[in-house]
């Protein structure tokens, strides 16, 4: 999508579809301004009792001949309450109102109380992301008439700087959405490795794929235990972005890569949504999407290592048993008291490997626990961190990306719930505080001197009904936060 700032007055703008946001109480004033160009606007507002309330929308076809072909007025609610999230929601609504029109979408919102760069970026991201639709698996995809260009009306020319990362960031989100949404007979461990190979080729990154024998040689017993019930070979993926010039910061992004999770012998039953366990590789999709964006944006001075331990968790005669004891790459022995808590086993070896790269900070993303969904719902991810500066940076990055993120406690006293009679630790603790003990388990495989954060995306990885910038389905959650975090350190 072509993105630009327009200095043209809204009354003179001549694109294909014009969307104007109206705060509550403002419609009459705006209507007077628009009336000279679009006769009948005032009467239409009165007939529809349009007051500018949040969610109100009025679609007009004001000009019999010429552009714009469509004029859309959307209500924004109280003017004092229009924050950046309100701008984002309004831009998403504008995008939906533009469906059916090709050409250029013009958007005017009350930008004045916001930094121009920020307003431009979030508006453009919201428009592109909310127009996304996945029709790859349909015999006859519906033809969609969509805008090919977006002009933000009324922002200063300097706001164009905010548009520069938008298309690259959104492309990363879209890649993550495609990976999460695709069924597990399409997205396999090998398919994730192929995706990484394509990124390495397209953006000049370095790629290492460890096969089963390589992982055995490195002692990755936790990861391999999860994989042994599947006929599909595991893939351990290490993708590296190296900037031109000196490296000031080295970062690691680790994603959980379970391309299908049956639960193993602790089989998912009842309301466990086994049919949706294709999204258990959502963490790997997020880090792959982030690497796609980073590869295009090329942040200076920041080296980024992406690590994904990918496999399936299946049931056969070779599958891991409840009660088995396995050994991670650092020699830690783990009693598997629940085969459906497999993600943390794969992440244990992935985190150990990531820390071997001597990063300044490690962030892992995983659809790890239902407990986090119960606590925070499906619009927010929870995160745990051992470092205040990293936590603050992630909060800032998530806020800028419009992704809900809430810090959770790393309460050390809960670690006793992971104590095993026979091994160094168990892979699950008691049900209460389950997301906390999961984070404490992961922390055991992070170097003590390494800043680390674990983000549990089990809730926001998928949206059943869609909301805001996310159509129904895979959301691509985490990509914007990661891209913002990495680029902020350039």
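All residue numbers here begin at 1 and follow the chain in the order shown.
Note that Cβ sites are derived from N, Cα and C of the backbone, with glycine treated the same way.
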Among 261, 275, 424, which residue does Swiss-Prot annotate as binding Mn(2+) 1 together with 340, 342?
261
Given that Swiss-Prot annotates 256, 261, 342 as Mn(2+) 2-binding, name the residue from 231, 280, 360, 364 that shares the site.
280
Specify the nearest of the recorded positions 256, 261, 268, 280 to residue 344 (active site), where nearness means the distance between Cα atoms.
256
Among 256, 268, 344, all listed as recorded positions, which has the most CB atoms within 10 Å of its CB?
256
Tell me the coarse DSSP state (helix, strand, coil) of residue 261 (Mn(2+) 2 binding site).
strand
Going by a 10 angstroms cut-off between Cβ atoms, which of the binding-site residues 261, 280, 340, 342 has the sparsest surroundings?
340
Env. residues of Mn(2+) 1 site, Cβ within 8 Å of mean position of 261, 340, 342 Cβ:
226, 258, 262, 263, 264, 266, 268, 277, 280, 313, 339, 341, 343
10 Å Cα neighbourhood of residue 268 (active site): matching binding-site residues from 256, 261, 280, 340, 342:
261, 340
Non-site residues, in chain order, whose CB comes within 8 A of the mean position of the CB atoms of 256, 261, 280, 342 at Mn(2+) 2:
226, 257, 258, 277, 281, 313, 343, 346, 366, 367
